[in-house]
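Below is one structure, written out as structure tokens, with a few remarks after it.
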Amino acid sequence: MSAKFEISFSKSAKLTGGLAILLKTTDADSAAGAETVDPAGVIAKAARIARFSAKSMSALDIVAPEGASVERIVVIGLGKAADLTAHDWLKAGGTAAARIKNTDKTAVFIDVPGRETSARAAADFALGMLLRTYSFDTYKTKKNDDEEKAGKSVKVTIVTTDPAGAKKAFSDSEAIAGGVNLARDLVNEPPNVLGPVEFAAKAKELEKLGIEVEILTEKEMRRFGMGALLGVAQGSVRPPRLAVMQWKGGKAKDRPVAFIGKGVVFDTGGISIKPAAGMEDMKGDMGGAAAVTGLMHVLASRKAAVNAVGIIGLVENMPDGNAQRPGDIVTSMSGQTIEVINTDAEGRLVLCDALWYCNDRFKPQFMINLATLTGAIVVALGNVHAGLFSNDDQLSAQLTEAGLSTNEKLWRMPLGKDYDKLIDSKFADMKNTGGRQAGSITAAHFIKRFVQDTPWAHLDIAGTAMGSPQDEINQSWGSGFGVRLLDELVRAHYES
């Protein structure tokens, strides 16, 4: 459950109790709004005593003195004014949200002395608040005081010089928060609740936003020849699904942009079973599908001027008497045959059929797939960057730029013939793993064999989609990584 902020923007705020939040840079003598909130100079005295230097994302919490117009004052440090980025405004909003406790109304003075604060910055600050307050407590029957208060409504007035512009920009912020938090919800859901059929039903709910949604059943996928995807699913009693989402916000003649997500709702590893320790985290092996679903929610909610396709392959990978075996050979939708060496390298088998289907049907401008694909990428990049693999330099540059802008950072990894040959098979056209060395790269090469000449990028988000370190705007196990990144890519380069 998320805290319910009723956010509005104004040139001034009526201060009668509640909380006032002020922002201060290291190079300003005082915080914006200080003369309104603190005519007696309590902030300066408290800062001196606490040695508060306004270091980036630091906070000073003050109980207002008798006779003040508010009950509490929080000053948030921003560091140097000249160094402020869009992501800093998000972080400041998250830092502020964490300080809003035991109050039903808050005024935030967002303008920074000596620097013009844009409407976009005010909206980013508000977005940071919405992202920070997300929590997933659906299944808790007993909640502590903070959890009980999280569901209560708090009125937040953000004081800025351009409230009309901020309000307009904030409509996009609300759309983004909705998509990110949808992705987080999907990743956090327990696997007994969210199977392939249930996930597909969640995608179907996007129809209320104007998205066209088709759900392919096992019978339909078999007719298309999706033997790779179906091979993964055959060990589970829960039938697979392929959800196809279309947002038609661009011109009718414009080719769509396409996003494909791995949706393994639970991954035991199959017959090549994983160790028991930590297996519960494999409910998050559908983080790619969650991100694609969240992205489609954003694009429709903000009425993006683009044609976009989102496709998610939904399966459960289980050991069973009917499960796929190491040594099996399956035929993909492309007609290429695959020797299954390791049933725990299943995500690429799901993606290869979904990508081929997408390319064959929609002829998109590009395809970007997202997947919690390999542990090897976590070893290489940790939880800071997601791995980027691509056959197109322009698309890679655009993605890298969007990653820096949103702080959902990517690091481009190499591709080449010397890696590609590692997945050649003696018995089929290819095998589904190239061994322990260069595991993330050989996985990417496997996927690359199914994209033909279409510009393509593969984002390995195994280290960033779940269990990544908590920060100012994310306190959730499932982070929603990829939603803001890809929305920024579309916004910056592909809207008509």
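Please read every residue number as a count from 1 along the shown chain.
Just so you know, glycine gets a Cβ as well, placed from its N, Cα and C.
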According to Swiss-Prot, Asp344, Glu346 bind Mn(2+) 1; identify which of Asp267, Asp424, Asp429 is listed for that same site.
Asp267
Given Swiss-Prot lists Lys262, Asp267, Glu346 for Mn(2+) 2, the same-site residue among Asp285, Asp320, Asp328, Asp360:
Asp285
Three-state secondary structure of Asp285 (Mn(2+) 2 binding site) from DSSP?
coil
Can you check which residues sit near Arg348 (active site), meaning Cβ under 8 Å from its Cβ, same chain, 6 or more apart in sequence, and list them in order?
Ala371, Leu373, Asn432, Ala443, Phe446, Ile447
Any idea which of the binding-site residues Asp285, Asp344, Glu346 has the thinnest Cβ neighbourhood at 10 Å?
Asp344
Under 8 Å Cβ to Cβ from Asp267 (Mn(2+) 2 binding site), same chain, six or more residues apart: give me those in sequence order, or none if nothing qualifies.
Lys274, Met282, Asp285, Glu316, Asn317, Asp344, Glu346, Gly347
Assigned element (helix, strand, coil) containing Arg348 (active site), judged by DSSP:
helix
Cβ neighbours of Lys274 (active site) where a neighbour is any other Cβ within 10 Å:
15
